[in-house]
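If you check TrEMBL, you get these features:
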- B:R21, B:E86, B:R125, B:K459: (6S)-5-formyl-5,6,7,8-tetrahydrofolate binding site (BINDING)
- B:221-380: domain 'TrmE-type G' (DOMAIN)
- B:N231, B:T250, B:I252, B:T255: K(+) binding site (BINDING)
- B:231-236, B:250-256, B:275-278: GTP binding site (BINDING)
- B:S235, B:T256: Mg(2+) binding site (BINDING)
Amino acid sequence: MMKEVKHYLAGEYDVIVIGAGHAGCEAALASSRMGMNTLILTMSLDSIVALSCNPNIGGTGKGHLVREIDALGGEMALNIDKSFIQSRMLNTSKGPAVHSLRVQADKKKYHIEMKKVLEDEPNLTLRQGEVIDIFLDNGCVKGVLTRTGAIYNCKAVVIATGTYLKGRVYIGEVDYESGPDGMFPSILLSNSLEKMGFNLRRFKTGTPARVHKDSIDYSKMEIQPGDEEVIPFSFLNMEKKFDVKQVPCYLTYTTPKMHEIIRENLHRSPMYAGDIEGVGPRYCPSIEDKIVRFSDKEQHQIFIEPEGLTTKEMYVQGASSTLPEEIQLEMYKNIIGLENVQFMRSAYAIEYDSIDPTILKRTLEHKELNNLFFAGQVNGSSGYEEAAAQGIIAGINAALNIKGEESFILDRSEAYIGVLIDDLVTKGTNEPYRMMTSRAEYRLTLRQDNADLRLTEKGYKLGLVKKERYEKTLNKKEAIERELKRLKTVQITPTKENNDFLEGLNSTPLKTPSSLHDLIRRPELNYEILKELDKDREDLPREIRLQVETQIKYEGYIKKQMAQIEQFKKLENKKLEEDQDYNEIKGLSNEAKQKLNAIKPDSVGQASRISGVSPSDINVLLIYLEQKRREVGVKKDE
Amino acid sequence: MADTIAAISTAIGEAGIGIVRMSGKESLNIGSKVFKGNKIENLKDGRNRELLYGHIIDKSKDQIIDEVLIVYMKGPYTYTREDMVEIYCHGGIISVKKVLELLLNEGAKLAEPGEFTKRAFLNGRLDLSQAEAVIDIIRSKTDKSFQVSLDQLEGSLSKSIKEIRNILLEMIAHVEVSIDFPDEDIEEVAYEDLENSGRIVMEKIEALLNTAERGKILRYGLNTVILGKPNVGKSSLLNAILRENRAIVTDIPGTTRDIIEEYVNIDGIPLKIIDTAGIRDTEDLVEKIGVDRAKETVEKADLVIVVFDVSRELSEEDYHIIELIQDKKAIILLNKTDLPNKYDEKFLKELVRDKEIITTSMTTGLGIDILEKSIKNMFYSGEVEIFSDTVVTNIRHKNQLEKAYKNIADGLTAIKSYVPLDCIEVDLKNCWENLGEISGDTVGEDILDKIFSEFCIGK
């Protein structure tokens, strides 16, 4: 018989964060930095910000998120700047809005650096412990219970449990309860959530094998070095010199023989045998999936990436699999250069519980249970960066709730973070959600290079950004404006010398004087090239030059987008009450009533993005709001 | 409410005057761009609420559109409480439509159904007790216009739009995949390919716009039904009208219906003739489609042309037809007057009472001109009118096509000058969305679905 665990009161906090992954750490740091006495509980202190899957931070869309977290005063960018071992700016040929920074992380270092930050944070307590229950009082959070009987009272809880809830690992015919990468799963908390009435659903994700560095024949592969010029993630580090000795990655390919092995053994994959019910992400297919769905492709890319400087483990990107271990080994041996490969960890799929994020507000607080927040993979997202982005928003709003201040919401026109959260809570997701730049309607204005200009002020007002940094950003803004203005006034005259220079660059010679501003707009010219005609040009920092160039070159498109944003904002600013009963509004279609009651949007704008809510329903809402406003007799806001 | 909206605010084809109105900040600006007054040349020089006389001019073509009266009313003492401009044009469809189109070209936005009323309410003009009525108006107008829009979209237009959107979707998916998955083993999108596809899109939209000009997709017109028992000369009548006038629609099939529609234009008056050609070999309209359907068709008609064969005696079917048209605008044709007369004209006249009767012979062409004149009179006197929602829907479609055209043209220019992909995508997506608004397709997850189904991506 099980012995009864005696409970004891172990402490009182403002905010408790469950989980110290990417979401949990940002949440805890934000809340403690906003003055909240914060406790972060993790099942293992050795798994803080574990990079359980790929060893990179950033990439398309994701890199944007990291920059935004940084501008708000988050930690992810600073942490990766301390621990990267290779850096690349992707998409440099495709326009500034989609330039994306992606770096290779030293996983261990990344963990150690973040642990240090948590340990040194004044208002933050770091504690190992498995939360197995959450206490509520009258629909409001009041504490948590750990497996060892400790009760911690608190005012708000952020659940950031990643893939741990009822985690189950699959390797071929073998499956067992487990967290990611050999960690323990969290079974009891999942049970508690179910008892509280949560509808949990199963998602899955997978990871490839890790192999020994010395068992690889690199001569058959293509080397992929980092960029010569390192651009950091954090805006705080822009002027810093990085003397990191970068480690290369390698590109290789699968072979027909490998494909054959996979096809012959498909029936042994739990995905194909139907044992896994969880839904996996479309952009993270297993190698089995790729070979079945794109059977005419003769080879697939495989990247070999280092997991860190102090380990010989190498990550085999592109070869995640759920096949049995013996088959995995056999198929990996048929990847070019891996003929003598030595496995260190096997590939596996993991299935876990997640909530339906549409039960959350855009602050990531539960719609009915006060001060209960959710962030990260448990919300049905995927990726370290997506998790961290939700973490900081949940942490900020937990603190604001306790202080009794207005909540903090970023909308779709302000940040990728806004797009991410709005998508999750408004539309929900049927697969682990990944950020992509194509999800952002206002991509041209939401660039990774201007995240500081967009968000530093907000971070400052929240108390997450120091005054010095805020002022620096203001100065940067001013310098950009000044330079833009100057370029409009500098006239280039059609002298022979000037025209010879232009013709040398295949640019049409001038007939009348033209401002430098207008010349920069020509596709064949740019800010740097025109330096020669611009005798009085000050030597400006790269950051400012970049902004000036981008803002001039894409002025037309950016203006178009700004006009769209203005329209968008109008509906976004029409606020709806949290406790609105939509059945009471005459004229709404039945479907709209149902959907609106389920989602409880915070604005007419959000309502308009719910499927099943039509333009005429939106008109009805606008009329209704005006009707109500006049009934209340509030003075007109226009 | 930054947008300035415009709409035709009188029933189309009715009476001698048609009113086009605008509401919003830019009303005065747009109004003064299109108006040239006689005494006071510029609208801006007139006083508030002063009625000015002059012309609406398409300055880009240096063309006079109509002779009008115009008034500028400064907010907030207006219907919508915003600045408004009202233009009083000649009645009939052509004038108001052209004026409205010109305003749209100059930057006004076509008003949504019920939008003037909505603004009036939101700006505090209407009483609170009217809120529910406002909701009803907007709701019913929106739903009706949506229905009309869908009705008109049957057949080839919607097919062409889908086709064009598919090409655009391919382009967008390819652009997006190279942006969002730069490391993948996917062929980079080539500017040459984008240019080729973009050009095809542009040509196709241009073709649609051309047909729109000629009225092929502007499927509105006086809803005219030709009624008569078999072999009275209905098809000959139709052929005679088609022969003499420009047939507008011949290549848009009547889709699934057993009735075929023909579009003709009689001196600027668009006519949608419900043609019984599809059934003319066997039965007449009443018998073939049954009394109920015939009733329905006649009820929907703006005008009925009834054909009697004077070489035969009045039969049961003729009486039936006369009953059907009792309360309709109708013109009676006494056909086959070249043959011996076998019916009682007086008796018939009593039966049809006040309806106009014209004697015709399709073999000699007698009376066709009188029929056409008669239709024109009825139209200009406002006796018959066109269901205005249809016209508006068509203007809306054309407006969207024009926007789509502009966006793809911008996109092509950008492609040709090697503007980065993220910018080009803006034009492509705008174009795709413009077209989607015509066909009623929403954005949704289409693009991602396309990417994941077509490209092998992911780590």
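Cβ from N, Cα, C; glycine included.
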Binding-site residues: B:N231, B:S235 - member with fewest neighbouring CB atoms within 10 Å: B:N231
Rounded distance in angstrom between the Cα atoms of B:E86 ((6S)-5-formyl-5,6,7,8-tetrahydrofolate binding site) and B:N231 (K(+) binding site): 51
Inter-residue C-alpha distance, B:K234 (GTP binding site) and B:R125 ((6S)-5-formyl-5,6,7,8-tetrahydrofolate binding site) (nearest angstrom): 53
Cβ neighbour count within 10 Å of B:R125 ((6S)-5-formyl-5,6,7,8-tetrahydrofolate binding site): 18
Residue pair B:S235 (Mg(2+) binding site), B:R125 ((6S)-5-formyl-5,6,7,8-tetrahydrofolate binding site) - Cα distance, angstrom, rounded: 54
Spatial neighbours of B:R21 ((6S)-5-formyl-5,6,7,8-tetrahydrofolate binding site) that are distant in sequence (at least 6 apart) but have CB under 8 A: B:A6, B:A7, B:S9, B:M84, B:V85, B:E86, B:I87, B:F116
Densest Cβ neighbourhood among B:E86, B:K234 (binding-site residues), 10 Å radius: B:K234
Cα distance (Å, whole number) from B:R125 ((6S)-5-formyl-5,6,7,8-tetrahydrofolate binding site) to B:N231 (K(+) binding site): 59
Stretch-averaged pLDDT - the domain 'TrmE-type G' (B:221-380): 72
